[in-house]
Amino acid sequence: MPSNSIFGGAAQAAPPSEALPVICLAGPTGSGKTAAALAVAEALGGEVINADSRQVYADFPRITAQPSAEELACCPHHLYGFLPTAQKISAGRWAAQAQATARQILSRGKIPLLVGGTGLYFQTLLHGTAEIPPVDPALTAAFTARLEDVGSQAMHAELARVDPDYATRIHPNDRQRIVRALEVHAATGKPFTWWHKHAMSRPPCNGPLLVLDAPLPWLEPRLARRLDMMLESGAMDEAAAALKNCDDDDAPGWTGIGCAEALAFLRGRLGFDACRDLWLRNTRAYAKRQLTWFRARPEAVWLPPDNVDAVVKAAGVRLPAGV
């Protein structure tokens, strides 16, 4: 592994008050981020930090497509599979952990490489987080109870009336984010998106946002093959084991794509073929939303998904000051 000195000296941690220099590698699900990340880490002397909100869960390494044991052995990886299914993690809490991890990596003379597909994580990391006042837990409980009563579709429609911009960014079944946006609007009188535009904290990190440009026609057959490989290699057994650890359908870990469909199969709400079809449709829709989100980021640097050399080169010439 080459020394970082060819890129301006050994990586050094920034003072606590300064944004930490990092490289961000993003893209839609199934676009080949893991392979590209390993190539960048090997070429530049990096360590990988997970930036995918589903890959934080310990019970679902296969279903959430976490790096394999062989891939994990190629270089140090951080923030993968550390959270129980019953727990949730906010973007702000993740960013704090990612920042602390990046600081440790820099202190070792290595480059922090953030890898994933969760746009909100990258937004929080590179642009800060909205400093929203605390919401009364009773208000949260009231909206949660109402969601149970009328369903997520109706609540999503309500969100579309008070915060149409945010409603277009989240899935109508994303119960946690729907409740969060509605409670913030009710508590503050301002839409969730207003807070993210006008009350942002200091960004914890700084660096390029490299995005794999994987169009849907290219992605679709890859997503289908990956799903079939997951199912053939024991995805349902993994879900069944997770159910023994957390028998709560509303637990945060069960809300992700793949986890929710597998749970529906295990509960007898879907047959196997219907489960696979829904899983694939939802994965495709998610990839489309990811592409839409990243295309709206003016700082994104788009790169071919099937050319890791191009990704390595782009990362090398865009290293932020301090690494």
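Just so it is clear, glycine is given a Cβ too, placed from its N, Cα and C backbone atoms.
The ATP binding site feature in Swiss-Prot is assigned to Gly27, Pro28, Thr29, Gly30, Ser31, Gly32, Lys33, Thr34; the stated evidence is sequence analysis. Counting only same-chain residues six or more apart in sequence, the Cβ atoms lying under 8 angstroms from the Cβ of Thr34 (ATP binding site) belong to Ala65, Pro67, Glu71, Val115.
Residues or ranges marked as substrate binding site in Swiss-Prot: Thr29, Gly30, Ser31, Gly32, Lys33, Thr34. Look at Thr34 (ATP binding site): DSSP puts it in a helix.
Note on the region 'Interaction with substrate tRNA' (52-55): DSSP counts are 0 helix, 0 strand, 4 coil. Here Swiss-Prot flags 52-55 (among others) as region 'Interaction with substrate tRNA'.
The region 'Interaction with substrate tRNA' annotation in Swiss-Prot covers 176-180 (among others), and the record cites sequence analysis as its basis. Secondary structure counts, DSSP: the region 'Interaction with substrate tRNA' (176-180) has 5 helix, 0 strand, 0 coil.
A 10 Å cutoff on Cβ-Cβ distances gives Thr118 (site 'Interaction with substrate tRNA') a total of 20 other Cβ atoms nearby, all chains included. DSSP gives Thr118 (site 'Interaction with substrate tRNA') a coil state; it is part of no helix or strand. Among the features that Swiss-Prot reports, site 'Interaction with substrate tRNA' is placed at Thr118, with the record citing sequence analysis.
Using the Cβ center of Thr29, Gly30, Ser31, Gly32, Lys33, Thr34 for substrate, the list of other same-chain residues with Cβ within 8 Å runs, in sequence order, Gly27, Pro28, Ala35, Ala65, Gly117, Leu212, Ala214, Pro305. If you measure from the Cα atom of Lys33 (ATP binding site) to that of Thr118 (site 'Interaction with substrate tRNA'), you get 12 Å. Packing around Gly30 (ATP binding site) is summarised by its Cβ count: 25 other Cβ atoms lie within 10 angstroms of its Cβ, all protein chains included. Rounded to a whole number, the C-alpha distance linking Gly30 (ATP binding site) with Thr118 (site 'Interaction with substrate tRNA') is 13 angstrom.
In this structure the alpha carbons, written CA, of Gly27 (ATP binding site) and Thr118 (site 'Interaction with substrate tRNA') are 9 Å apart.
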